[in-house]
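See below for the structure under consideration.
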Amino acid sequence: MAKQYDSVECPFCDEVTKYEKLAKIGQGTFGEVFKAKHRQTGQKVALKKVLMENEKEGFPITALREIKILQLLKHENVVNLIEICRTKASPYNRCKGSIYLVFDFCEHDLAGLLSNVLVKFTLSEIKRVMQMLLNGLYYIHRNKILHRDMKAANVLITRDGVLKLADFGLARAFSLAKNSQPNRYTNRVVTLWYRPPELLLGERDYGPPIDLWGAGCIMAEMWTRSPIMQGNTEQHQLALISQLCGSITPEVWPNVDKYELFEKLELVKGQKRKVKDRLKAYVRDPYALDLIDKLLVLDPAQRIDSDDALNHDFFWSDPMPSDLKGMLSTHLTSMFEYLAPPRRKGSQITQQSTNQSRNPATTNQTEFERVF
């Protein structure tokens, strides 16, 4: 039995025992992540264990998709997959071997950094963070890949200050609809607090704008230090979006009434757009406010894309983007969301106050919790 299961897995992969696990740095519905080092070279890596539970026949299709995408994407601002390793099936693991994805190690994730009050980003450093994030999105979108889980915890930063988009467990290739036949992608993606309005309304023929909405949420979070819209349900999330971005109507979003959920849900009416008004207490730079405003546009067709965002005046006005290495060199401990102390959930930007909550563990968001 062990031999049969073992042959299904990864017969040409090295044993994961070539790495020594040092610490657990991530945990979620989809697996565990460990910091580790190569026993011979000392190279630091991150090991992402692929959950094989409930996989009665072969390798999980979601993991295969993630591996295929990561093998395609090679860019400075995308996490690098080094190799795939395994443990052999044996009686000691119920005849189920494990598969590990091996990545270059990154010292921090953005959620962990923002959770630490001692970490201070200057305007120049925020510009560099967003420049690298949008550069990564530009690259994956040019390669016809959607990330589909943009959030601060999935943005890694090395000790040298290089940002890497990570966790492609929900990513997929996309294409334009053909012969007037719309795509039928699942809309049950993206962590709730970062999920764009089109997905909340049931859209299944979507594209890169879903990732740009997440980029806008993350950009605002660079100042507020916590997620700006923390809904408990999909309807609550839509209400928070309406409070910040204005009511969802055909006037501001042509053909939005085509969605079946547009009539079924009790959408908030009479709300004016107040992105800049609500955020100006935190974000003092007018160019930053303007870019956030353009990223958090309700209608995905009017939302700014990564190319235009990179050309926005925010990145080309003083102070210019600056390196993160100096700031990070003053923090010797790795910072990850998983390792951050739990914080009490406070109020949100939509109620004009910040909060220090980082973990959506009490909401139905846990269904989409991701690691690495």
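In case you wondered, yes, glycine gets a Cβ from its N, Cα and C as well.
Gln27 (ATP binding site) is surrounded by 12 other CB atoms, counting those within 10 A of its CB over all protein chains shown. Taken from Swiss-Prot, the feature ATP binding site applies to Ile25, Gly26, Gln27, Gly28, Thr29, Phe30, Gly31, Glu32, Val33, Lys48, Asp104, Phe105, Cys106, Asp167, supported by sequence analysis.
Residues or ranges marked as compositional bias 'Polar residues' by Swiss-Prot: 347-366.
Per-residue pLDDT, averaged along the domain 'Protein kinase' (19-315), amounts to 93 for this model. Feature annotation from Swiss-Prot assigns domain 'Protein kinase' to 19-315.
As annotated by Swiss-Prot, N6-acetyllysine applies to Lys44 (among others). Around Lys44 (N6-acetyllysine), the C-beta neighbours below 8 angstroms that are at least 6 residues distant in the chain are Lys35, Ala36, Lys37, Phe105. Look at Lys44 (N6-acetyllysine): DSSP puts it in a strand.
Lys48 (N6-acetyllysine): 25 other CB atoms within 10 A of its CB, across all protein chains. The feature N6-acetyllysine is assigned by Swiss-Prot to Lys48 (among others), with similarity to another entry given as support.
As annotated by Swiss-Prot, phosphoserine applies to Ser175 (among others), with the evidence given as similarity to another entry. Within 10 Å of the C-beta atom of Ser175 (phosphoserine) sit 8 other C-beta atoms, taking all shown protein chains into account. Secondary structure from DSSP puts Ser175 (phosphoserine) in coil.
Around the Cβ of Thr186 (phosphothreonine), the same chain contributes Arg204, each under 8 angstroms and 6 or more positions distant in sequence. Following the DSSP three-state reduction, the secondary structure of Thr186 (phosphothreonine) is coil. As annotated by Swiss-Prot, phosphothreonine applies to Thr186 (among others).
The feature phosphoserine is assigned by Swiss-Prot to Ser347 (among others), with similarity to another entry given as support.
What Swiss-Prot records for Thr350 (among others) is phosphothreonine, and it gives similarity to another entry as the kind of evidence.
The annotation phosphoserine is assigned in Swiss-Prot to Ser353 (among others) on the grounds of similarity to another entry.
The phosphothreonine annotation in Swiss-Prot covers Thr354 (among others), and the record cites similarity to another entry as its basis.
Annotation source Swiss-Prot lists phosphoserine at Ser357 (among others), citing similarity to another entry.
Annotation comment: Swiss-Prot describes Thr362 (among others) as phosphothreonine, evidence class similarity to another entry.
Swiss-Prot lists Thr363 (among others) with the feature phosphothreonine, giving similarity to another entry as the kind of evidence.
Note on the region 'T-loop' (166-191): residues 30, 62-63, 65-66, 69-70, 73, 79, 103, 106, 109, 140, 144-151, 153-156, 199, 202-208, 210, 214, 360, 365, 368-372 of its chain, located 6 or more positions outside it, place their CB under 8 angstroms from a CB of the stretch. Under the heading region 'T-loop', Swiss-Prot lists 166-191.
If you look up Swiss-Prot, you'll see 343-372 marked as region 'Disordered'.
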| query | Taking the Cβ of Cys106 (ATP binding site) as reference, which residues of that chain separated by at least 6 in sequence fall under 8 Å from it? | reply | Ala46, Val79, Leu156, Ile157, Thr158, Lys164, Ala166
| field | Cα distance (Å, whole number) from Val33 (ATP binding site) to Lys48 (N6-acetyllysine) | value | 4
| field | For Cys106 (ATP binding site): DSSP state (helix, strand, coil) | value | coil
| request: Give the distance between the Cα atoms of Gly31 (ATP binding site) and Ser175 (phosphoserine), rounded to the nearest whole Å. | output: 29
| query | Taking the Cα atoms as reference points, how far is Gln27 (ATP binding site) from Ser175 (phosphoserine) in Å? | reply | 32
